[in-house]
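Visitor: Have a look at the structure that comes next, please.
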Amino acid sequence: MPTDERLSDDQLQRIANDLRDNWHTGREVDFEEAIAFHESLPASKQFAQVLESADQPLLQPRAGVPCLEEQIDLLRYLQDEGGADLLPTTIDSYTRDNEYEKAEEGLAASRGSDENELNGFPAVNHGVEDCRRLIRALDAPVEVRHGTPDARLLAMVTLAGGFQSFEGGPISYNIPYTKRHDLATTIEHWQFVDRLCGAYTERGVTINREPFGPLTGTLVPPSIAIAVMLVEGELAATQGVRSLTLGYGQVGNLVQDVAALRALRKLGNEYLRDEVTVTTVFHEWMGGFPPDEARANGVISLGGATAAVAQPDKVITKSAQEFQGVPTKEANAAGLRTTRQLIDMMIEQDIDLGGIDEEQALIERETRALMDAIYEAGDGDVAQGVINAFDSGALDVPFAPSDAAKGAVLPARDDDGRVRIFEFADLALPDDIKEIHAARLGERAETEGRDQSFRMVADDVDAISDGKLIGRPGGDNSPAGGASDAD
């Protein structure tokens, strides 16, 4: 079982040497040459510096296509027409599974076709120099966004290629994404990624790391998401990471989302060591979207309003075409502009929402209880503790496909649309907190004239895509049972 100890320089070099032959572009990686390339970049392309010095939330979309020139064109469009402050490069699914041969076939097919045969940018196949061409061609900093349980070679190639931010982590890119990777193995893989980022940082090239906050993206209780962020942050900090962006995915209730983002920042600064700079990122709604673009814009606007009130350091935007899959560049840019409009109109207003302090206090209590259980499960070692906590169910993620998590915890919304826990299973929360959740869900059940049941859970999963927040019986979102004018 891995422990939360820093990899030695010899261990880092040995693993890197073993990885070089996994695909031929791995042999292009030269650390000293990479340092020199990063040092040649202007301040405007240094991700951590741009993010950490901003005085309002920065916007970043998701975007990735197979071919280099098309990826450059896409990101330039989002930069120039969408006003993106930070840019992404989303990696394809074959690369996420380390299937570089299949990625190569898809890249070759895409080059000879008007169709994209991959759902992202195969950075390992492109290699170091193509990555540098991408970085040189753009004005804004660029982040690697992927979903890869074993991202070691991807990190080697992209960091050498000039990327200065790398998303993911051993829990957030395992539990929500895959069945076939055990948590101990992904922790070991990500210790290498984080140590590599730390090695760059120690040479004056700060690599920003961003754990994936939304997890499964489906009604994740805030305290569970924040606990995972803190664990991944601690693991990264041990390996020398000094710029950490902790993530959170919108659940849809404005008060709860603002409270959660404030709790995330506060607890991040509390649990992570002093030399770490903590920033936060807010992901606009990651669940199902309405098929109608006008309604989808309403969902995006709620995300923008939430960001204006909570003021995270970064917002990952969505488009009105989420329902149909990968959006057009025009729709992606429009999502950026919609979010920016909401933020710019609201950010200077003094908006006082009742209930935020109480909700934040509850989230913090829950998160501390989960963190205490993790430390106890590992006798103070966070790596061992999180493995044991997931194994026992003391920590869990709803709707997770991974065999490393029990997936027994179930959420549902209360009468205000805040995400509560309907089924706790073995989650390590005290009885008085469980009673609060049960009481809030009981109020909703009374309003709706039905018993608390799994039907509530299922109704809530589909509610926003159906044009509501709460999955009321019969599709009626009015607590009083009146007719809805939404259809």
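Numbers here mean position along the shown chain, with the first residue as 1.
The backbone N, Cα and C atoms fix where each Cβ goes, and this holds for glycine too.
Found this in Swiss-Prot, in case it helps:
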| type | residues | note |
| --- | --- | --- |
| BINDING | Arg62, Arg96, Arg145, His146, Glu167, Tyr173, Tyr177 | L-glutamate binding site |
| BINDING | Gly64, Asn119, Pro176, Phe289, Lys318, Glu322 | adenosylcob(III)alamin binding site |
| REGION | 465-487 | region 'Disordered' |
Visitor: Looking at Cβ-Cβ distances, which residues of the chain lie under 8 angstroms from Arg145 (L-glutamate binding site) while being 6 or more apart from it?
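Guide: Spatial neighbours, sequence-distant, of Arg145 (L-glutamate binding site): Arg62, Gly64, Pro88, Thr89, Thr90, Ile91, Glu167.
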Visitor: To the nearest whole angstrom, state the Cα distance for the pair Tyr173 (L-glutamate binding site) and Phe289 (adenosylcob(III)alamin binding site).
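Guide: Cα to Cα, Tyr173 (L-glutamate binding site) and Phe289 (adenosylcob(III)alamin binding site) are separated by 23 Å.
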Visitor: Excluding Arg62, Arg96, Arg145, His146, Glu167, Tyr173, Tyr177, which residues of the same chain place their Cβ within 8 Å of the centroid of the Cβ atoms of the recorded L-glutamate site?
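Guide: Near the L-glutamate site, the remaining chain residues are Thr90, Ile91, Gly147, Thr148, Gly168, Phe212.
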Visitor: Test of understanding: give the count of other CB atoms lying within 10 angstroms of the CB of Glu167 (L-glutamate binding site).
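Guide: Neighbour count, Cβ to Cβ under the 10 Å cut-off: 26.
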Visitor: Give the number of CB atoms, excluding that of Arg62 (L-glutamate binding site) itself, located within 10 Å of its CB.
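Guide: Result for Arg62 (L-glutamate binding site): 19 other Cβ atoms within 10 Å.
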Visitor: Return the member of Arg96, His146, Tyr177 nearest to Lys318 (adenosylcob(III)alamin binding site) in space, with distance defined Cα to Cα and candidates limited to these binding-site residues.
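Guide: Result: the closest of the binding-site residues to Lys318 (adenosylcob(III)alamin binding site) is His146.
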Visitor: Using only the Cα atoms of Arg62, Arg96, Arg145, His146, Glu167, Tyr173, Tyr177, which the record gives as binding L-glutamate, return the largest interatomic distance in Å, rounded to a whole number.
Guide: 17
Visitor: By Cβ count within 10 Å, point out the most packed of the binding-site residues listed: Asn119, Tyr173, Tyr177, Glu322.
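Guide: Checking each of Asn119, Tyr173, Tyr177, Glu322, the winner is Tyr173.
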Visitor: Measuring Cα to Cα, how many Å separate Phe289 (adenosylcob(III)alamin binding site) from Arg96 (L-glutamate binding site)?
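Guide: Arg96 (L-glutamate binding site) has its Cα 25 Å from the Cα of Phe289 (adenosylcob(III)alamin binding site).
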Visitor: Cα-Cα, whole number of Å: Glu322 (adenosylcob(III)alamin binding site) versus Tyr177 (L-glutamate binding site)?
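Guide: On Cα coordinates alone, these residues lie 19 Å apart.
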Visitor: Please state whether DSSP places Glu167 (L-glutamate binding site) in a helix, a strand or coil.
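Guide: Its secondary structure by DSSP: strand.
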Visitor: To the nearest whole angstrom, state the Cα distance for the pair Asn119 (adenosylcob(III)alamin binding site) and His146 (L-glutamate binding site).
Guide: 11
Visitor: For Arg96 (L-glutamate binding site), what is the secondary structure state per DSSP, taken as helix, strand or coil?
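Guide: Looking at the DSSP assignment, Arg96 (L-glutamate binding site) belongs to a helix.
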